[in-house]
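Novice: Before anything else, here's the structure in question.
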């Protein structure tokens, strides 16, 4: 779940409305009772609710599914397990030979190579994104997600510069990274068994999925085209850094933490270097 830094939150302004003990608040109060120690529950429920609902992650998932269906129907395919020419020639796909079309560094997230590809991404981003958005709201989850998408394509353009890129894995891995750093920093605010379990689950999922991405890159050709896997790495690093900025309850104390500014500066430096690399150095030029 998206957690708050409770010890720091206790030092914040006490102007927030009090929550009546025992009162049902939000849409998953009973579930939180199972995972959060009693002393932290009311503080958590001040932020964890469905007001507003998780619009961003649901909306972006619907958009990605709609684009997939469009390409699956636009050009006839023998099957939907793996789409072919329709997606590789799409103006949304990241193609290193067309890097001057800058929108491709973000729009590739709407294109998926097949049913398994989009199903896996949609399931994981909904499972991670909805709980995070209930606490941190759409603008914060959206910024982390899009930071991962952009970092994924830029990292691919640097470390795997001649391969094409499709899929929302950069954004999904940013949610992985943000969820992981959130779980680690707020570990003691969770009941022990739940804290350990969710960290292990994230690690196992990332290892399995990244292994499959490596297989698709080096052992399997999607329609004869090699697909980059580096977006996964770029996305998770973005999630660990930008996720630290947004998914930890930052306040005056956190803003004085050097790690807070290191995360922001690190991402900014990466963006500047990636733009410079693509304009002046890239072998795909």
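Note: Cβ is positioned from N, Cα and C throughout, glycine not excepted.
Note: TrEMBL annotation is automatic and uncurated.
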Novice: May I ask you to indicate which of 75-97, 259-281 is given in TrEMBL as transmembrane segment?
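Specialist: Spelled out, TrEMBL records transmembrane segment over residues 259-281, not the other listed ranges.
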Novice: Which listed range (105-130, 142-159, 165-185, 259-281) shows the maximal number of Cβ pairs under 8 Å with respect to the transmembrane segment (227-247)?
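Specialist: Per the Cβ count, the answer is 165-185.
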Novice: Honestly, do the transmembrane segment (192-215) and the transmembrane segment (165-185) touch, with at least three Cβ pairs under 8 Å and pairs 6 or more apart in sequence?
Specialist: yes
Novice: With pairs restricted to those 6 or more apart in sequence, evaluate whether the transmembrane segment (55-74) and the transmembrane segment (259-281) have 3+ C-beta pairs under 8 Å.
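Specialist: Between the transmembrane segment (55-74) and the transmembrane segment (259-281), contact is absent.
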Novice: Sort out the residues at least 6 away from either end of the transmembrane segment (142-159), same chain, that have Cβ-Cβ distances under 8 Å to it, and list them.
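Specialist: Hits for the transmembrane segment (142-159): 56-57, 60, 94, 96, 99, 104-106, 108-109, 125, 129, 165, 168-175, 177-178, 228, 230-239, 242-243, 246-247, 267, 270-271, 274-275, 277-278, 282, 284.
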Novice: Count the Cβ atoms, other than its own, that fall within 10 Å of the Cβ of residue 169 (active site, nucleophile), considering every protein chain shown.
Specialist: 31
Novice: Short question: which residues 6 or more past the ends of the transmembrane segment (259-281) have a Cβ under 8 Å from it?
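Specialist: Same-chain contacts beyond the ends: 99, 147, 150-151, 154-155, 157-158, 238, 240-242, 244-245, 250.
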